[in-house]
Amino acid sequence: MDFSMRRVNALVRKEMKDIVRNPNITVVGLIPLIGAIFISIMVTDEVIKMQLLPVLFLMNSALLTPMIMAMIISEEKEKNTLRTLMLSTVTPTEFLTGKGIVTWLYANITNIAIYLIISSPKEYLLIYIITSLFTSTIMIFIGAIIGIISKTVMSTGTNSLPILLIFYIFPYLAQFNITLSHIAVFLPTYHSQMLLNKMVNNHNIDIDYGRNFIALIAWILISFIIFVMIYRRRRFDR
């Protein structure tokens, strides 16, 4: 089935209306920005500011963004509109694009704002933006998977928090434990963390960046395929 921009536009318009009606999503999304403003005011040491950048980045990308995406989809399920969409001519790609593009843009604009508020070095801005684009894409796919398999908005929080905390916390713990580092290397957020750490430490752009980006691209493909499989299976579940 062909990709239809008309169907995607309809989903995007509906999503924007739903977000306006649900201010909780906007408030949750402001948490990293408030943190960045607080750090920019209270912390004067530029090195410490840069070291705190990955904390805010992963809070927004790995914790809040997928949680918002999961809540959006599970709310559709509670309103009994999700099955209507899934049984219609809307393809998995159209559904994911239409439901996720607003959250994706919000996440990336927030990440860029965090970078600028903390006054991070401009020479790494492009690498940072690419890292943000890749990471937010992966985590939106993961959030969509959680939203599809969750039965209610309440269960979404129960299902998502343990999973997302692994993505959020493991990259930090891996720096202090060799065993955990061997596990964390399979997580996309680990590679996002590595890219940010190289920026913080003024690491020259080299092949190491390429390895991390390849891992993120692999995760984009894997998470998308998993979503499509679950979407098609759940379409006809009672």
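Glycine too: its Cβ is placed from the backbone N, Cα and C atoms.
The transmembrane segment annotation in TrEMBL covers 21-43 (among others).
Here TrEMBL flags 51-228 as domain 'ABC-2 type transporter transmembrane'.
The transmembrane segment feature in TrEMBL is assigned to 55-74 (among others). Distant neighbours of the transmembrane segment (55-74): 15, 18, 25, 28-29, 31-32, 35-36, 39, 82, 99-100, 103, 107, 110-111, 114, 118, 132, 135-136, 139-140, 142-144, 146-148, 150-153, 155-157, 159-161, 164-165, 167-168, 171, 189, 192-193, 196; these residues of the same chain sit at least 6 beyond its ends, with a Cβ under 8 Å from one of its Cβ atoms.
Residues or ranges marked as transmembrane segment by TrEMBL: 95-118 (among others).
Residues or ranges marked as transmembrane segment by TrEMBL: 124-149 (among others). Listed by sequence, the residues of this chain that lie at least six past the ends of the transmembrane segment (124-149) yet keep a Cβ under 8 A from its Cβ atoms are 57, 61-62, 65-74, 77, 96, 99-100, 103-104, 107-108, 111-112, 115, 156, 159-160, 163-164, 167, 188-189, 192, 195-196, 199, 205, 209, 213, 216-217, 219-220, 223-224, 226-227, 230-231, 234.
Per TrEMBL, the feature transmembrane segment maps to 161-189 (among others). Residues 54, 58-59, 61-63, 66-67, 134-135, 138-139, 142, 146, 215-216, 219 of the same chain lie 6 or more positions beyond the ends of the transmembrane segment (161-189) yet place their CB under 8 Å from a CB of it.
Among the features that TrEMBL reports, transmembrane segment is placed at 209-231 (among others).
Sequence-remote contacts of a segment are chain residues at least 6 beyond its ends whose Cβ falls under 8 Å from one of its Cβ atoms, and for the transmembrane segment (95-118) they are 7-12, 14-16, 19, 29, 32-33, 35-37, 39-40, 49-50, 52-53, 56-57, 60-61, 64-65, 68-69, 72-73, 76, 85-86, 125, 128-129, 132-133, 136-137, 139-141, 143-144, 224, 227, 231.
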